């Protein structure tokens, strides 16, 4: 087929092609691959012949002269897809599109790099006021909940140094993390393929991956309250699994797709999940807005499915109040977070609806008092409500933070520090990269939600991928993060250094030796198509899948 032609004022690149034979023509293309790369980056394949004659790739060997081919390279915006200008990420710098507002705060009038919320996270955030409403609800708050909250805020302890890691532990990107309730050194992880990983990060090399539990994304995990060796998991294959961690034997509690695939209009996927320990119920929600209740004693569904969000929308998060489990908090793609009373669950019976600008990725009650609410929305806002007894019509604070992403990435979720008695420290990954000594890194942010200030930004020069999945340990000063297919354990710098000198912590590489790279968090040649990376050539690479129990091929001491 003859190449398409278009005349314009864009820069041109002239390629001298040898047309003596097909062999020489192909060798010239292999020697100079740059124009092909540029065509893929700009998504345009425009060619123009200067002498007016069309030249095909398989031109015969009759002509011995070289025919010049001119390729016009157009500028195409990666944001609005229009031609004539460029926008998007270039390394660690984000170039704003003139057709769109600021990428961070979504407001016009300034660029992303000069956004006041980027310079100071507390910009426009009103600090938490002192409660003095003198109402009956305020009296209940002061009598029942305030004694558990200290008057003086303790110093924050931030894990800021990588202590150990497993590189390419999963065959697809990590989607969820969970610490063992009694064993401080066990971390569980789920991935997009449905695999369940069990890792003892103190011994580093003791790790297991169960790959026969689910068939696609493992979205949520919760431990059984009466047995800390059993874990429930909800997957996009529409099943709830109950797995014994020692044996790996799994049973299905519920299957919403018993007849298999019958089209996207009927396929149900399970996203949000939590456990009501008082009632002995597993709560799960699907992609059609329905809530399901499963009895942990009989392993059967109880009652009918209840519509708790807009019909046809995903319910991506469920959380029971830690002190009053009958209070349920849900969030979904209908731009709402909703509070429910489980004693009278029915469609349209929510106690209160919390509106958001876009999709709500996560919503949590505070871990100790249960009176605060923290939500993460796709409009780059972290919203905080200081009291479920107060005015819920508008949030107490809105903190602008970069977590608006496209696809091929696990959603960002701001999570509480369960050890913070003041209930003010949260951790969340950052989407927009920053320039650190010439390297484009995506830090993990610790934010004080009472003031909106950035307490710390955690990064490692070797981790060049995004870390959207982060979990703080409920008892130790440990942070677990999932970045692409790898897991990292962070500890405070003053605590992790002597441990490394004594035990020489190692980084485990779960891939073949010929495909490993020097940087343990960078872009790999066998990268997955949905890895959390920005490829310099815009290409996606297939990964070599792991077995059910991967064995480390090479070890490296962390320097």
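Cβ from N, Cα, C; glycine included.
Per TrEMBL, region 'Disordered' is recorded for 1-62 (among others).
The compositional bias 'Basic and acidic residues' feature in TrEMBL is assigned to 14-26.
Residues or ranges marked as compositional bias 'Acidic residues' by TrEMBL: 27-56.
DSSP places the residues of the repeat 'WD' (167-200) in helix, strand and coil in these numbers: 0 helix, 18 strand, 16 coil. The annotation repeat 'WD' is assigned in TrEMBL to 167-200 (among others).
Looking only at the repeat 'WD' (353-386), the predicted model's pLDDT averages out at 95. According to TrEMBL, the repeat 'WD' annotation covers 353-386 (among others).
Residues annotated as region 'Disordered' in TrEMBL: 517-559 (among others).
DSSP places the residues of the repeat 'WD' (353-386) in helix, strand and coil in these numbers: 0 helix, 19 strand, 15 coil.
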